[in-house]
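Report on the structure given below.
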């Protein structure tokens, strides 16, 4: 988002007239509020990224051999997950510093924000490709035996592919969300700019994008759940399986919960898309989003992973809880901003527009 996408009309907003001066003060305070909001959201996203990067870095085992001479062909080169986890810590930490400095200490520097965004773009894509695409792709390519609860390697690969698609949707919200709020902060670090009638459309487009992302993640999750349900007979049934299935982010023992979560994600995303155009749907959509978040949290963390016997992998709950928070939040946030932008343009062309 360029500086022209930041909120507000000109700071003079009405010349020397008292009403104009009051409006100008209102524009400035609203602009400052939204700037701090953008910084706080950048800090939140970055803190969750830093947490995930830390967990992945420890999992990567920095003390072990990164370039083993006898590495099997079906094993990802250990140096790649190690480097990806390291750079995730780097752009998580730098984003946290930029966001905290701006949100809590009112310390702003556009050159610093630009430098962060440039490095974040490069590093985040590297981490995304390694963790979301390459590592699971190795598992799909070299899978030799069926995964529980499937009978064939083909069914297992279909389940793994559904998990990859779910991960793409969830981690787009995490890593691209950090960039989006960094751009939002950059826009607010410029002086307030005059609102334009096209800003509401831009805000709505962002809301549509993130809600469509939720729909795609929900479809992939539903497919994963249905694959589990079809193969649940004789392995504990649809209620609870005898052992755990595992294809991150789908880790657990309850196929029905996976399927229900996917369906609710689809419904929530579709309602969100409609809400970007229909103002009256906003409050029902926000209520639905709360329910969607709670079910996603249960499915991807404590209910599924916590039910694994004797114990589930704690690192999965650690980083997937953060992913669920941002994935469930970013769509409703931009949908609300789209409605606010449309309302402000409709009520007064001089009002500050949030994008």
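Numbering starts at 1 and runs along the chain as displayed.
Here the Cβ of each residue, glycine as well, is placed from N, Cα and C on the backbone.
As annotated by TrEMBL, region 'Disordered' applies to 1-21.
According to TrEMBL, the transmembrane segment annotation covers 38-59 (among others).
Feature annotation from TrEMBL assigns transmembrane segment to 79-105 (among others).
Per TrEMBL, the feature transmembrane segment maps to 112-138 (among others).
As annotated by TrEMBL, transmembrane segment applies to 158-174 (among others). Counting residues 6+ beyond its ends, the transmembrane segment (158-174) has Cβ neighbours under 8 Å at 45, 48-49, 52, 128, 131-133, 136-137, 139-140, 143, 147, 150, 210, 213-214, 216-217, 219-221, 223-224, 227-228, 245, 247-250, 322-324, 326-327, 330 in the same chain.
Sequence annotations record features per position, and here TrEMBL assigns transmembrane segment to 208-233 (among others). Distant neighbours of the transmembrane segment (208-233): 149-151, 155, 158-159, 162-163, 165-166, 168-170, 172-173, 241, 245, 247, 250, 255-270, 272-273, 275-276, 292, 327, 330-331, 334-335; these residues of the same chain sit at least 6 beyond its ends, with a Cβ under 8 Å from one of its Cβ atoms.
Here TrEMBL flags 253-278 (among others) as transmembrane segment.
As annotated by TrEMBL, transmembrane segment applies to 285-306 (among others).
Residues or ranges marked as transmembrane segment in TrEMBL: 318-336 (among others). Listed as Cβ neighbours of the transmembrane segment (318-336) (distance under 8 Å, sequence separation of 6 or more from its ends, same chain) are residues 41, 44-45, 48-49, 51-52, 55-56, 169-171, 173-174, 177, 180, 203, 206-207, 209-211, 213-214, 217, 248-249, 268-269, 272, 275-276, 282, 285-286, 289, 292-293, 296-297, 300-301, 305.
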Where else in the chain does the transmembrane segment (79-105) make close Cβ contacts, counting only residues six or more beyond its ends and a cut-off under 8 Å? 35-36, 38-54, 56-57, 59-62, 66-67, 112-113, 116, 119-120, 123-124, 126-127, 130-131, 134-135, 178, 181-182, 185, 189
Beyond the flanks of the transmembrane segment (112-138) by at least 6 residues, Cβ under 8 Å: 53, 56, 74-76, 80-81, 83-85, 87-88, 90-91, 94-95, 98, 160, 163-164, 167-168, 171, 175-176, 178-179, 182-183, 185-186, 189, 247-248
What residues elsewhere in the chain lie close to the transmembrane segment (38-59), defined as a C-beta under 8 angstroms and at least 6 residues from its ends? 81-82, 84-96, 98-103, 127, 131, 174-175, 177-178, 181-182, 184-185, 187-188, 315, 318-319, 322-323, 325-326, 333
